[in-house]
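Just below is one structure, and these are the notes that go with it.
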Amino acid sequence: MLNPLNIEYLYLSKLFDNSLIVFNKRQLFRFFVRFFFMTAALPNDSKPKLTPAWTVIFFFTSIHLVALLAFLPQFFSWKAVGMAFLLYVITGGIGITLGFHRCISHRSFNVPKWLEYIFVICGTLACQGGVFEWVGLHRMHHKFSDTTPDPHDSNKGFWWSHIGWMMFEIPAKADIPRYTKDIQDDKFYQFCQNNLILIQVALGLILFALGGWPFVIWGIFVRLVFVFHFTWFVNSATHKFGYVSHESNDYSRNCWWVALLTFGEGWHNNHHAYQYSARHGLQWWEVDLTWMTIKFLSLLGLAKDIKLPPETAMANKA
């Protein structure tokens, strides 16, 4: 049963389905306020008392502000744009989607340890927190999806699930060690966890040597802004927009445009229904570039123990 706080979302869904629902200005205003800031609809005694994470706020604000320098002519070049796109694929596609998510968080497939460590480096360069935070919080998200303990519970609004949850010291952070016992003792993981910024600085120095400040602005700051928001859309948009193919006991949706931006992560309802699956796009038209990459690694003999959902879930697959 849907939470009563999501009634405005139901209205919008019906509107998108060509229903004859008509909103007046006040209803529209109430809808958008509650859609983006759902906690405003909670009674005062139900609102969590959270402490702002000022370091995180400063970090994300700084990244976005420096990225604006890309609009200045002296920091633009097509080579710099190309470098940003290449690093977006490496850090967002290989690092986050293939590495942190499908390989490490869910163990949907296994690769040689040296290749897994490459995934960890690439994911660390995405600057979405250390590998322990990313994996631990993601595992919590699946265990408590769209309920109060979920770090980015979509009932609290689009803004909260997109970025707001990172702006506060949420209680879930204290449980990260409990959800990452399988990787906590790995020395390489520890190195990447403890040297997140230094690894990014090292990449910045390499980029500066290759192409000066345009490469740094585009390859670090602009690239991070895109990787950030495209990843965050998986937490926010795919719990609000799209269609449901499988029962998953939460609000996860399959959202085609998020899938295009995130190498197949947008087939989120499929993923929540079969969390262990290396393949998220289960229909022939649900393009999943990450699954294609896993199949390629399998052909090379590098990806093994690949987990897939039952055949009935992929009855119409290509």
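Just so you know, glycine gets a Cβ as well, placed from its N, Cα and C.
Residues 101-106 are the range that Swiss-Prot records as motif 'Histidine box-1', among 23-28, 101-106, 143-148, 185-190. Sequence-remote contacts of a segment are chain residues at least 6 beyond its ends whose Cβ falls under 8 Å from one of its Cβ atoms, and for the transmembrane segment (56-76) they are 127, 163, 166-167, 213-214, 217-218, 221-222, 224-225, 228.
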